[in-house]
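To keep things clear, I will list the structure first and then write my remarks on it.
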Amino acid sequence: MSDESRPTPAQTPVAAVIPAAGRGVRLGPGAPKALRALNGTPMLIHAIRALAASRHVSLVVVVAPPDGAAEVKSLLDAHALPDRTDFLVVPGGESRQESVRLGLDALPPQYGIVLVHDAARPLVPVDTVDAVIEAVRDGAPAVVPVLPLADTVKEVEPAAVAGDPEAVLATPERARLRAVQTPQGFDRETLVRAHETVTENVTDDASMVEQLGPTVVAVPGHEEAFKVTRPLDLVLAEAVLARRRLNDGF
Ligand code: CTP
Ligand code: MG
């Protein structure tokens, strides 16, 4: 692209990739996690609405369970979504990392900024989404929303058998630790290069950029951006939705 035609950071179109292809083993038996309902609406629809609520996000790429792309497409048709946002659905892969890469492969060329957001974080507030986008537009190649930890964290020697006692090796200083959420935001080229270069399995996209070298920037996350992982998280998510309905005066 020539310099004259390259969009300024404030104009660079933003796309969101939503990996939603996981089974949700820790949530217990049932439908794939992203398709499970929260107050009657699939978690994935909540997550899509949360990202599409940002005026800066003009495309959402949903990475569906490998055999569930048709089902996800009909879910999108059946639920009200903003007209100004485009949607694509692609089938996912075996790992989260592979699912994200398949979503990136589907991105049209004009999107210079990419957010990656877990379908399993259906309640992220739009202000958090916008804060991540703003930090990327301000020049950070990779941005993560984070929260301080409530619990002290120990490093252990993992037991061979789950549940057996474990030796504690170290206690990192809690004040220097952060829990990482999504959406994580990236300069597209940086994220694509990270996915091409890092082959070991990772649990978040920003750590791949860390391995490449560029400094990843942390911005404040939000307690409502928690990940629905275990059954109790479903209770918490429905309580958050109930509180929002009360506050909105419904
Ligand atoms: N994910 C994905 N493709 C995979 C695995 C995970 O797109 N092969 C997505 C999940 O759908 C989820 C996000 O990555 O939105 C975060 O992963 P996690 O919370 O671990 O979800 P699951 O892998 O589905 O849950 P579990 O690990 O309990 O099976
Ligand atoms: Mg998982």
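Glycine residues also receive a Cβ, built from the backbone N, Cα and C atoms like all the rest.
Counting every protein chain shown, the Cβ of R26 (site 'Transition state stabilizer') has 12 other Cβ atoms within 10 Å. What TrEMBL lists as site 'Transition state stabilizer' is R26 (among others).
According to TrEMBL, the feature site 'Transition state stabilizer' maps to K33 (among others). Within 10 Å of the Cβ of K33 (site 'Transition state stabilizer') there are 25 other Cβ atoms, across all protein chains.
Annotation source TrEMBL lists site 'Positions MEP for the nucleophilic attack' at R174 (among others). Around R174 (site 'Positions MEP for the nucleophilic attack'), the C-beta neighbours below 8 angstroms that are at least 6 residues distant in the chain are P148, L149, T152, V153.
Around the Cβ of K227 (site 'Positions MEP for the nucleophilic attack'), the same chain contributes D118, A120, R121, Q181, D233, each under 8 angstroms and 6 or more positions distant in sequence. Reduced to three states, the DSSP call for K227 (site 'Positions MEP for the nucleophilic attack') is coil. The feature site 'Positions MEP for the nucleophilic attack' is assigned by TrEMBL to K227 (among others).
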